[in-house]
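Visitor: So TrEMBL has the following annotated:
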type	residues	note
DOMAIN	32-283	domain 'G-protein coupled receptors family 1 profile'
TRANSMEM	14-38	transmembrane segment
TRANSMEM	50-69	transmembrane segment
TRANSMEM	89-111	transmembrane segment
TRANSMEM	132-157	transmembrane segment
TRANSMEM	188-212	transmembrane segment
TRANSMEM	232-252	transmembrane segment
TRANSMEM	264-285	transmembrane segment
Amino acid sequence: SPFLLMGIPGLEALHVWISIPFCFTYIMTLLGNSMVLLAVRLDKSLHEPMYYFISMLSVIDLIFSTAVVPKMLGVFWLDSREIGFEACFIQMFFIHTFTAVESGVLLAMSFDRYIAICNPLRYNTILTSSRTIQIGLLSLARGAGVMTPLMCLLTSLPYCKTRVIPHSYCEHMAVVELACADPSVSDLYSLIVATLLVGTDSVFITFSYGMILRSVMRLPSQEARLKALRTCGSHVSIILLFYIGGLLSMYLQMFSFSLAPHVQVLVADLYLTVPPMLNPLIYGIKIKQIREGIFKLL
């Protein structure tokens, strides 16, 4: 049997108005990330590992938004609340998988900047174009590999309570609460996977940028230091947006903190829609080459 999405509980009367900013962010996400991809594709000076990783993030952002926002707008505009059983878990799979993939790509970007700043003479031999693509495929395989068992565990549970999901999309914890059986195995698996993936990636990212900062402070020229810090600043902004937003959304879903249900749902919705819109803006503002590539394209 299909599930029914509530949208934003308690704010059903405002769905049409709430849909306007979500529609705007989706359009901006499509335009911004498509322009980044086209700029990197058409400008041969951007055919370098750092810009390939930025292109990977743009693809992830497009998949993220497209997996969630069209159905969300269908609920808000057309009251099209029904979502098939398989479609619900496919949507959940895409969200979790590409969250893990993005974490892996952010780790690869920190590794890229570490080599470029701390070991520049070997940069072109260590990070070739083929090796960059292999890293991207490895991140995708890792994300899909750890999330496939979770989806198997979740789809095997009997869902004989209400079919109504108090959310705008098939959010993991909201769906699991509808199960009649004990979901402790899937809960334990998801907790272990999230802790290992996010914990390991964040530790290595912190280590990389710590080493980068130490090397930058040793540069003799102030202009060189500022240039290196500007380039890394865009990456750090994206990393903070991704991890802090994700942790905030996860903890609000796990612990209510006496917040109204619509606040929890809105935070989760914003986490999946706002960062994909902001990422290309951060690239355009912080990274001169991307900005110039977009101007050439325009």
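Each residue, glycine too, has its Cβ placed from N, Cα and C.
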Visitor: Would you say the transmembrane segment (188-212) and the transmembrane segment (14-38) are touching, if the rule is that at least three C-beta pairs must lie under 8 angstroms and be 6 or more residues apart?
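Guide: Taking Cβ pairs at least 6 residues apart, the transmembrane segment (188-212) and the transmembrane segment (14-38) are not in contact, as fewer than 3 fall under 8 Å.
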Visitor: Please check if the transmembrane segment (264-285) comes into contact with the transmembrane segment (50-69), where contact means 3 or more CB pairs closer than 8 Å and the residues in each pair are separated by 6 or more positions.
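Guide: Between the transmembrane segment (264-285) and the transmembrane segment (50-69), contact is present.
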Visitor: Using a Cβ cut-off of under 8 Å, list the residues of the same chain at least 6 residues beyond the transmembrane segment (132-157) that approach it.
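Guide: Residues packing against the transmembrane segment (132-157) from afar: 49, 52-53, 56, 89, 92-93, 96-101, 104-105, 108, 172, 175-176, 179-181, 183, 185-186, 189-190, 193, 197.
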Visitor: Within the same chain, where does the transmembrane segment (50-69) have neighbours whose Cβ lies under 8 angstroms from its own Cβ atoms, ignoring anything closer than 6 residues to its ends? I mean 6 or more beyond.
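Guide: For the transmembrane segment (50-69), the nonlocal Cβ contacts are 22-23, 25-26, 29-30, 33-34, 36-37, 40-41, 91, 94-95, 98, 101-102, 105-106, 108-109, 112-113, 116, 129, 132-133, 136, 139, 168-169, 238, 269, 272-273, 275-276, 279-280, 283, 287, 289-290.
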Visitor: What parts of the chain pack near the transmembrane segment (89-111), using Cβ distances under 8 Å and only residues at least 6 beyond its ends?
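Guide: Residues 50, 53-54, 56-57, 60, 63-64, 67-68, 71, 83, 132, 135-136, 138-140, 142-144, 146-148, 150-151, 154-155, 169-172, 175, 197-198, 201, 204-205, 208-209, 212, 235, 238-239, 242, 246, 272 contact the transmembrane segment (89-111) from elsewhere in the chain.
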